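A.B. asks: Attaching a single structure in structure tokens format; questions to follow.
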Amino acid sequence: MNHYIDHTLLLANATTKQINTLCDEAHEHQFFSVCINPDFVEHCAERLNTSNVKICTVIGFPLGANTTAVKVFETQNAISLGADEIDMVVNISDVLDGKWDVIEKEIVAIKEACGPKLLKVIFETCLLTNEQIVKLCNISKRAGADFVKTSTGFSTGGATVEHIKLMRDTVGKQMGVKASGGVRTKETAQAMIDAGASRVGASASVSIVTGEAPTTNGY
């Protein structure tokens, strides 16, 4: 299970000491990546430069309400600092307003900025209908994104087995599906993987892989 996990710390009050611990835990447990806010990308890339742990960061986070130009710049800047993977929040207002062409153009622009780097599109599934989730999956696939992702972990809910199944059924085997938000136990993580998740974002990653109860609340 370890290699499914993006070991995550996205809190506003995260300290460098906590980020160092995150990196060291990811290295020790061989998690797929660390997922951190953009300001820590360069630091994590340097700390993990002799490991296989990837550097994942978030764009337009957590509301998705930045303009496309800002998201493109964020993406380019993060990659220049050492990011391997980009988790971008879709504009939820545009989804609710049905501005599908605008959404698709934004994803295309950000994927172009990513180049060969991997792009995940965050939906915030707790705010959407199943129909909207399916529509976003199809748009993300057509726009060239590599993954679809459930949640930021900062809204009214996180990943559910039902949404993971729906997303996997929609995108097929050609794309990744990331479960994030509220995945805090080994049993929950395994349920997400069994439902079709190819990546799991979690702050309780060490507890998940050791089977121990998480000691704090988090992503």
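Including glycine, each Cβ sits where the backbone N, Cα and C put it.
From Swiss-Prot, here are the annotated features:
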- D87: active site, proton donor/acceptor (ACT_SITE)
- K149: active site, schiff-base intermediate with acetaldehyde (ACT_SITE)
- K178: active site, proton donor/acceptor (ACT_SITE)
A.B. asks: Same chain only, sequence gap of 6 or more: which residues have a CB within under 8 Å of the CB of K149 (active site, schiff-base intermediate with acetaldehyde)?
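C.D. replies: Spatial neighbours, sequence-distant, of K149 (active site, schiff-base intermediate with acetaldehyde): D87, K120, V121, I122, F123, V177, K178, A179, S180, R199, G201.
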A.B. asks: Within 10 Å of the Cβ of D87 (active site, proton donor/acceptor), how many other Cβ atoms can be counted across all chains shown?
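C.D. replies: Neighbour count, Cβ to Cβ under the 10 Å cut-off: 28.
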A.B. asks: Kindly assign K178 (active site, proton donor/acceptor) to one of the three DSSP-derived states: helix, strand or coil.
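C.D. replies: Its secondary structure by DSSP: strand.
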